[in-house]
Amino acid sequence: MFAFASHSFIYTLPVVIDELGYSATNAAIQQLLTIPVYIAAVIATVTSAYFSDRLKTRSPFIIVPQLFGALGLVIVMAIPKERYPGAVYGALFIVAIGLYTTITGVVSWNANNLAGMWKRNIGLGLQISIGNLGGAVGTNIYLKQQAPDYWLGFGFSLGILLVASSAGMVMRVALQRINKKRESMSREEILEKYTPEELDRMGDKSPLFIYTL
C-alpha cells in the first residue's frame with residue numbers, strides 16, 4: 001500500500017525541490033539536493049533494521065516510521081513553500097525516512113510470518129510485484145498545474161500512510177491474539193494431537209508456529 005507513496009516520492013522529489021526555487025540557476029543543483037535526503041533515508045533504514053533484528057520485532061519499526069513520514073507530509077502541506085523553502089526541504093527528510101524505513105520492515109515482516117518454502121517465495125513475489133504497481137499511480141498524482149502545493153500528491157500519500165499504519169496496528173493485534181491462543185497449548189499437547197508431518201504441512205498455520213510481531 002505504501003508503495004504508492006514511495007514511488008511517487010522517488011519521481012517527484014527533484015520536481016518539488018525545483019519548485020522550492022533551489023535550482024533556478026543550475027539544474028544540476030536540483031539533483032544534488034536529493035542526495036542528502038536519500039543519505040538520511042539510508043542511515044535511518046540501516047539503523048531501523050539493526051534494532052528490529054536485535055529486538056526481534058517488526059511492527060513498531062513499520063508503524064512508527066509510517067506515522068513519522070505522515071508527519072513530514074503534514075509539515076510539507078502546511079508550510080508556505082514560497083516563504084519557508086528551507087523548512088519544506090527539511091520536512092522532505094522526514095518523509096523520506098518514514099517511507100524507506102518502512103519498505104524493509106514490511107518485506108521482512110511478511111517473510112518472517114510465511115512458513116514453507118513455496119508459500120514464502122510466492123508470498124514475497126506477490127508482495128513485491130503488487131508493490132511495484134504503485135509506480136503506475138504514484139508517478140501520476142503530482143500534477144503540474146498544482147505546483148508548488150501538489151495537494152493531490154501529498155494528500156494522497158498522507159492518506160496512504162495513515163491507512164497503512166492503521167492496518168499495521170490491526171495486524172499486530174490480530175497476530176498477538178493468535179500467538180496467545182497457540183501459546184496456551186503446551187508443546188506436548190500439540191505433539192499428541194498432530195504428527196510431525198501434519199505440523200510441517202501446516203506451515204505458519206501450525207500451533208507451534210509463533211508469528212513475529
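Note that Cβ sites are derived from N, Cα and C of the backbone, with glycine treated the same way.
Look at TrEMBL and you will find 28-51 (among others) tagged as transmembrane segment.
Feature annotation from TrEMBL assigns transmembrane segment to 63-80 (among others).
Annotation source TrEMBL lists transmembrane segment at 86-109 (among others). When Cβ-Cβ distances below 8 Å are used as the criterion, the transmembrane segment (86-109) is approached by residues 2, 5-6, 9, 13, 16-17, 20, 22, 33, 36-38, 40-42, 44-45, 48-49, 52, 58-59, 61-62, 65-73, 75-76, 79, 124, 127-128, 157, 161, 164, 212 of the same chain, each at least six residues removed from its ends.
TrEMBL lists 121-142 (among others) with the feature transmembrane segment.
Among the features that TrEMBL reports, transmembrane segment is placed at 154-175 (among others).
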Positions on the same chain near the transmembrane segment (28-51), where near means CB under 8 A and six or more residues out:
13-14, 17-18, 22, 61, 65, 89, 92-93, 96-97, 99-101, 103-105, 108
